[in-house]
Every structure is written in structure tokens, then in C-alpha cells.
Amino acid sequence: MSTVSTHAQDTHPNGNDRPRSRARSGRVHAALTPATIASALVLLIAIAWALFPGLFTHFDPNDGGDTPALLAPSLEHWFGTDQTGRDAFTRVVYGASQSLLAALVAVGVGLIVGTTIGLIAGTRRGFVDDVLMRLIDVLLSIPAILLSLSIVVVLGFGTINAAIAVGVTAIAQFARLARSQAVQINTSDYVAAAYGSGGTFFSVLVRHILPNSISPVLSLAVLQVGSAILQISTLGFLGYGTPPPTPEWGLIIAEGRNFVATAWWLTVLPGLVVMAIVLATHQIGNTLRKVTS
């Protein structure tokens, strides 16, 4: 980033701080578009579903009781009912906790492992850089869905295992971005001064490289939340995610696919929810990238 290399050179307290502050303030105001605000509201609703599902519905997500099956959407059942009489909207609401938790775990795995690899490679360079980045190239050469399916088969089915599998597919993107930031920052004067004053590799990495390279990495993490939700839903749809009857967005859509001709709402409406949340996370991620660049 352009602000990184000048950080150690601003010796006067009123030097370039005010222009940079005004520029960043201008970017923040420009980024607050109606699309960004709407996306933030969508994400807040999804988070509220995950944390407080009982506030949004009074139905049991796993027991339809005596409710007729395959009812069309109505004021009582917003998304209709499924093949066993369960309220479809309730299952989508309760499924938010499974899907969002899995997405956060997946992004956490990719963020921590990938960023660590990228920073070490970009700071060390030489043989270490070559070896680590060749491993990253191998990960990039394998299709994400094939890699995640293979990992789930090894680890076993379940929400966390699916999240770990998706997280492994994200390691390469975080590693490449973190490495590019580390290579740029590693050539700056203040890093050379830190080494010259007796700083070790670890101390320079933690005190200088990591703090000055983390902003774009965090922006990528927000973008990856949407991608992780989509991948985890895909695994659930294929039967490699959360086992039934636990509500999970991919599983919910998969259960309704056999009734598309007579009960289209069981796949279309949950699918629209997933699409809206994925698009919202991408919008927020792009906004953060513009603000922090």
C-alpha cells in the first residue's frame, strides 16, 4: 500500500497526516453507497438469525407437527412448508448459525495459515520463498471443489470438517496476497533500520511486516466469507456437509430439489437468501478494500 513505505519517514507530526486523513475520509464517504448500506443490513439480519433465531420464528426447525406438507408461501409460513410439514423459513433462519459458523471457521483457517505462509515467504525470500510458493502453486492447481471434497472424505462429514476443507482451499489466495505485501514492505527503509538495530527475523515480522500488510488481507477475508458460504452450501447440497435433520442452507436446498415441479419455493427462496448474503459480503469486502487501499 502507498501509505506503508512513507510511514517511517513522516517525522513531522503535521507532515502528511492531514492530507492522508482527508483522503481516507473522502474514500469512506464515497464508499457509503446505497448498495453498501443495503448489504450491511442484509449481513446484520443474517447475524441476528444466527444469534437469536427464536426472535424471528416460533416454529420448530426439525418438527413440523401436524402442519400439512408442501404448503405454498403465506403470511403464516413465509417460505411455505417442506415435505414433512416443517416451516421452511424457520429452517433457513436456524440454518444461519450452521452456515455462518462454518464460513467463519473456513476463513479463519485460510487467513491464519495462508497469511503466515505468505509473510514468511515474502520476508525470508530465497530458498524458503521458493519452496513455500511452489506448495501454494500446487494448491492453486487443484480445483477448489475437488480439493474440498477430498478433504471431507478423509476427515468425515460434518459442519466443522466441511469448514476446514473449504478453509484449505482458501490458503493459497491469502498466501499470495500476504507475500506480495511482505515483499513490498520488506524493502522499506524502516525495515532495514529495524534489522540494522539488531532486530531478529521474528521481531521484524511481528512489529513491522504484519501490521503494515494486514489491511488488504482482512479485506480479502471479508470477501472470502461469501465464497466460503457458497462452497459450504455446495458441499451440503452434495451431501458432504451437515447431516440431516440439522438445518443448513445447502442441505435445505438439496432436500427441496425433488419437489421443484410442485413446490418451487423450497429451493428458490432459500437459494435467494444465500445469494443475497453472498452478494452482501462481496459488496462489504470491496468497500473495505477501497477504503483501506
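Cβ from N, Cα, C; glycine included.
Just so you know, TrEMBL annotations are computer predictions that nobody has curated.
Pulled from TrEMBL, these are the features on record:
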| type | residues | note |
| --- | --- | --- |
| REGION | 1-26 | region 'Disordered' |
| COMPBIAS | 1-14 | compositional bias 'Polar residues' |
| TRANSMEM | 28-52 | transmembrane segment |
| DOMAIN | 96-285 | domain 'ABC transmembrane type-1' |
| TRANSMEM | 100-123 | transmembrane segment |
| TRANSMEM | 144-172 | transmembrane segment |
| TRANSMEM | 192-210 | transmembrane segment |
| TRANSMEM | 217-239 | transmembrane segment |
| TRANSMEM | 259-280 | transmembrane segment |
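In this chain, the transmembrane segment (100-123) lies close to the transmembrane segment (217-239): three or more C-beta pairs between them fall below 8 angstroms, excluding pairs fewer than 6 positions apart. Taking residue pairs at least 6 apart in sequence, the transmembrane segment (259-280) and the transmembrane segment (144-172) share fewer than three C-beta contacts under 8 angstroms. Contact between the transmembrane segment (259-280) and the transmembrane segment (192-210) is not supported, since fewer than 3 Cβ pairs fall under 8 Å when only residues 6 or more apart in sequence are counted. If one looks beyond the transmembrane segment (217-239) by at least 6 residues along the same chain, the residues whose Cβ comes under 8 Å of a Cβ in the stretch are 99-100, 102-104, 106-107, 110-111, 115, 144-145, 148-149, 152, 162-163, 165-167, 169-170, 173-174, 177-178, 181, 248-251, 253-254, 274, 277-282, 284-286, 288-289, 292.
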